[in-house]
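Engineer: Sending over a structure as structure tokens; questions will come in a sec.
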Amino acid sequence: MAVHKEVSFVAYLLIVLGMFLYVDALGCTKECGNLGFGICPRSEGSPTNPICINCCSGYKGCNYYSAFGDLICQGESDPKNPKACPLNCDTNIAYSRCPRSEGKSLIYPTGCTTCCTGYKGCYYFGTNGKFVCEGESDEPKPYMSTA
């Protein structure tokens, strides 16, 4: 009989622990955030369709390449605290490769996005332009047709 009580107690503990983990995994609440816009550094351009940027204004974490595939530089500007950079285009730069390659680089308006529902690697700013947070959610993978 004591074995049954121990098993029941252990099962009860596992259920209670599982409920706490489940509640924690539910994640984001449903209320809307008060975010003005978001920036998600993305890969842009190609050897045949170059971008207009320079190393100073390029995003940290992104690499910038020539039309021949030579690395020109790594981006120097932090989206959370951008550098004051000249607006000229470095004609040696044709394209960028960033850790995130899909989706929009600028999210405006943000709709009901919150810090919790915002995508990891994206930076969100208030309506006053001040940095608020980095997104916390994984971005859904784009649907790929197998046909």
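Even glycines carry a Cβ here, placed using N, Cα and C.
Sharing the features that Swiss-Prot gives for it:
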type	residues	note
SIGNAL	1-25	signal peptide
REPEAT	25-82	repeat '1'
DISULFID	CYS28-CYS116	disulfide bond
DISULFID	CYS32-CYS112	disulfide bond
DISULFID	CYS40-CYS122	disulfide bond
DISULFID	CYS52-CYS89	disulfide bond
DISULFID	CYS55-CYS73	disulfide bond
DISULFID	CYS56-CYS85	disulfide bond
DISULFID	CYS62-CYS98	disulfide bond
REPEAT	83-142	repeat '2'
DISULFID	CYS115-CYS133	disulfide bond
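Give me the structural setting of these features: burial, nearby parts and distances.
Structural biologist: Residues of the repeat '1' (25-82) grouped by DSSP class, helix first, strand second and coil last, total 1 helix, 18 strand, 39 coil.
Taking Cβ-Cβ distances under 8 Å and a sequence separation of 6 or more, the neighbours of CYS116 (disulfide bond) in its chain are GLY27, CYS28, THR29, GLU136, SER137.
Sequence-distant contacts of CYS112 (disulfide bond), defined by Cβ-Cβ distance under 8 angstroms and a gap of at least six in the same chain, are CYS32, GLY33.
With a cut-off of 8 Å between CB atoms and residues at least 6 apart in sequence, the same chain places ARG100, GLY103, LYS104, SER105, LEU106, ILE107, TYR119, GLY121, CYS122, TYR123 near CYS40 (disulfide bond), listed in sequence order.
In sequence order, CYS52, ILE53, ASN54 constitute the residues six or more apart from CYS89 (disulfide bond) in its chain with CB-CB distances below 8 Å.
On its own chain, CYS73 (disulfide bond) has CYS55, GLY58, ASN63, TYR64, ILE93 as residues at least 6 apart in sequence with a Cβ closer than 8 Å to its own Cβ.
Just so you know, the Cβ of CYS56 (disulfide bond) picks up 17 other Cβ atoms within 10 Å once every protein chain is counted.
In the predicted model, the repeat '2' (83-142) has a mean pLDDT of 88.
The local packing around CYS115 (disulfide bond), expressed as other Cβ atoms within 10 Å of its Cβ over all shown chains, amounts to 15.
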Engineer: Can you give me the Cα-Cα distance between CYS56 (disulfide bond) and CYS133 (disulfide bond) in Å, rounded to a whole number?
Structural biologist: 23
Engineer: In whole Å, note down how far the CA of CYS133 (disulfide bond) lies from the CA of CYS98 (disulfide bond).
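Structural biologist: CYS133 (disulfide bond) has its Cα 20 Å from the Cα of CYS98 (disulfide bond).
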Engineer: DSSP on the repeat '2' (83-142): how many residues come out helix, how many strand, how many coil?
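Structural biologist: Computed counts for the repeat '2' (83-142) are 0 helix, 15 strand, 45 coil.
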